[in-house]
Amino acid sequence: ATYSVKLINPDGEVTIECGEDQYILDAAEDAGIDLPYSCRAGACSSCTGIVKEGTVDQSDQSFLDDDQMAKGFCLTCTTYPTSNCTIETHKEDDLF
């Protein structure tokens, strides 16, 4: 399946298509969108976003704890969409 992922960036909103087996960060890059990242392995917080609507699978990440995920935080480098969703990007500072 392919889902529509709406990214709310500091400079505006854009909607991309993302396959259920594709990380959101990779799909954004394929669409020419520059999102922050560092490790690309789900082990740091550089690419943090907040899921505002929809559902995601981020079982590949190892950085966020259950409380942070319950608040909607996700690491876009290791997050797959499981529905159409909306994600606010550039949210690393909100984690701490």
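The first residue you see is number 1, and the count goes up from there.
A Cβ is built for glycine as well, from the same backbone N, Cα and C atoms used for every other residue.
In the record from Swiss-Prot, residues CYS39, CYS44, CYS47 bind [2Fe-2S] cluster; the candidate from CYS74, CYS77 listed for the same site is CYS77. It is CYS39, among the binding-site residues CYS39, CYS47, CYS77, whose Cβ has the fewest other Cβ atoms within 10 Å in the structure shown. Every protein chain shown contributes to the tally, and the Cβ of CYS44 ([2Fe-2S] cluster binding site) ends up with 17 other Cβ atoms within 10 Å.
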